[in-house]
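Trainee: Have a look at this one before I ask anything.
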Amino acid sequence: MEEVRVFPLTCAVQNYAWGKLGLDSEVAKLVLGGDPVAVVEEGKPYAELWMGAHPKGDAQIKDNRIAQTTLGEWIAHFPACLGSKVKDTFQGQLPFLFKVLSVNTALSIQAHPNRELAARLHAQFPEHYPDNNHKPEMAIALTRFEGLCGFRPAEEILGFLKSVPEFRALVGNEAAEELRCSVGNAVHTGQVLKKCFTRMMNCEKKVFVDQLNMLVKRVTEDGAAGKDTSSSIGDLLLRLHSQYPGDIGCFSIYFLNHMLLEPGQAMFLGANEPHAYLYGDCVECMACSDNTVRAGLTPKYIDVNTLCEMLNYTPAPASSKIFPCVQDASDPCVSLYDPPVPDFSVMRIQVPPSVKQYTVAPVDSASILLVIEGDAMATSVAALSDITLSRGTVLFVSANESVSLHVTCPSGMTMFRACCLL
């Protein structure tokens, strides 16, 4: 097995309730090749495709010469496949987890801890925080993708405090006025934002449920009367309330930027960045961790005090939350998303119809290659045999190995590649 350094993976599907059903789900399309009968018979939401070696969803190696083996077990036997820098830096572990997400209903108000907080939470509450690693992550839109990310500029929040009295009732007049007076002083604004958000999130349940019901009633009646409800973000409010009635997270839309990503656009979510995914399909890459601190729009465990204490309260406009990609100078087919963390980078590879022979270049890191669209025959001296690539094929490529593609699809190919560029 040691000489085989490029091989297909069978990856884990997570059927979380917030996922999409049927062929609306990009995860289902990739896993099942677009077969509608298979999707209907499964009858489960296809929420996440996990491509990596995390214990919760370790990929399986496809090789008929050996008994079933997980990617994590294989890497433990042959750590050199990671590349020398990656192996030494991350103690012989694949440092990233690669995913595809198909989001149908909102996916929790949440943030991810830094290394220090992750270790402390895991030690104190291992049942809720299953490992001690941090979890910076990046989402790259496959379809139009909707989410919340980071605190809005203070002026926008003040606008909602003025136009949404139910929201102001939860924050309180004193804190709202303090926020108004803080504008222009960035440090003070962050401190007051923390006070405002914490007051709202810790509000007595009966109080916020009553205010939410009043708000929903008012927005519903205004909408029925043909009035403009945009000053209350009425459409989004009603949608979140229909998914999570009586949930304090419905009010978070007045604090957090509402993001609409077009395909290819990305968000980077560093430690302590408040966010939520609302709808759409994306490729996601993160440090190899499953640690999430949640406080709303979820049936899962919530930890309001930890979330409010840990968050980054620096306000910034939505446009600043879009993470840019950079064209690879050596390969016009590659766009690189390279976040400010060592654990992972993502390449989007778009092979145009005019190119029939393409080489996936070697890098000094193990990588995982996902085919989104297109067909090809892949050859590599490190593979047991030629590998047929089609939508949903996932390849593990060891460090410093290249893969040659004979593209057979007349419309070209789209692929994503996760790796660790130290």
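Each Cβ is built from the backbone N, Cα and C atoms, and glycine gets one as well.
Marked as domain 'Phosphomannose isomerase type I catalytic' by TrEMBL: 6-153. What TrEMBL lists as Zn(2+) binding site is Gln110, His112, Glu137, His275. The domain 'Phosphomannose isomerase type I helical insertion' annotation in TrEMBL covers 170-256. For Arg294, the entry in TrEMBL reads active site. Per TrEMBL, the feature domain 'Phosphomannose isomerase type I C-terminal' maps to 336-376.
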Trainee: Please report how many Å separate the Cα atom of Gln110 (Zn(2+) binding site) from that of the residue listed as 'active site', as a whole number.
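Mentor: That comes out at 4 Å between the alpha carbons.
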Trainee: For the domain 'Phosphomannose isomerase type I catalytic' (6-153), how many residues does DSSP put in helix, in strand and in coil?
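Mentor: Going by DSSP assignments, the domain 'Phosphomannose isomerase type I catalytic' (6-153) contains 47 helix, 43 strand, 58 coil.
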Trainee: Work out, from DSSP, the number of helix, strand and coil residues along the domain 'Phosphomannose isomerase type I helical insertion' (170-256).
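Mentor: Residue counts for the domain 'Phosphomannose isomerase type I helical insertion' (170-256) by secondary structure: 68 helix, 1 strand, 18 coil.
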Trainee: Take the Cβ of Glu137 (Zn(2+) binding site) and count every other Cβ within 10 Å, whichever protein chain it belongs to.
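Mentor: Around Glu137 (Zn(2+) binding site), other Cβ atoms within 10 Å: 25.
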Trainee: Taking the domain 'Phosphomannose isomerase type I C-terminal' (336-376) alone, what is its mean pLDDT?
Mentor: 97
Trainee: Quick one: among the recorded positions His112, His275, Arg294, which has the most Cβ atoms sitting within 10 Å of its own Cβ?
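Mentor: Checking each of His112, His275, Arg294, the winner is His112.
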Trainee: Neighbours of the Zn(2+) site Gln110, His112, Glu137, His275: Cβ within 8 Å of the Cβ centroid, same chain, sequence order.
Mentor: Ala111, Lys135, Leu269, Glu273, Thr292
Trainee: Cα of His112 (Zn(2+) binding site) to Cα of Arg294 (active site): how many Å, rounded?
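Mentor: That comes out at 9 Å between the alpha carbons.
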Trainee: Just to verify a number: CA distance, Glu137 (Zn(2+) binding site) to Arg294 (active site), in angstrom, no decimals.
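Mentor: Cα-Cα distance, Glu137 (Zn(2+) binding site) to Arg294 (active site): 16 Å.
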Trainee: Measuring Cα to Cα, tell me the gap between the residue listed as 'active site' and His275 (Zn(2+) binding site) in whole angstrom.
Mentor: 10
